[in-house]
C-alpha cells in the first residue's frame, strides 16, 4: 500500500480559470469531471486528488502518468473514487484504492492510498 497527498490553494485554481477559462479545464480535466465540478473548490479538489494519486504511484504527474490518465468521480453516496485510462492500466494493476478529498480555509487537500503492482 502506497500513500500520496497533495494540497493546493483554491484561489490558485480560481486564478487559472479566470485567466484561461475552458482551455485550462480541458487541459487537466475530463469532460465528465468538468460537468460534475460546479464550484472551483471541487475543481481544486480534483487537481489535488490527481496529484495525490500520481504521488501514491511513485511517479508524480508527468510522462508516465498525465492528468488525463486519472479520472475522478463520485459514487452514489458522494464518496470520491478514481479510474485510470486504458494506457495507464497497461502500467499499473490496482488491487485496492481509496481517495479522500476535502476543502476548507481556502485550501483543497487530497489523500490517496493505493495497493498496486507496476507492470
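Here the Cβ of each residue, glycine as well, is placed from N, Cα and C on the backbone.
Noted in Swiss-Prot for the protein shown:
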- 6, 51: Mg(2+) binding site (BINDING)
For residue 6 (Mg(2+) binding site), nearby residues of its own chain (Cβ under 8 Å, 6 or more apart in sequence): 47, 48, 49, 51, 52, 55, 109, 110
Number of other Cβ atoms within 10 Å of the Cβ of residue 51 (Mg(2+) binding site) across all protein chains: 21
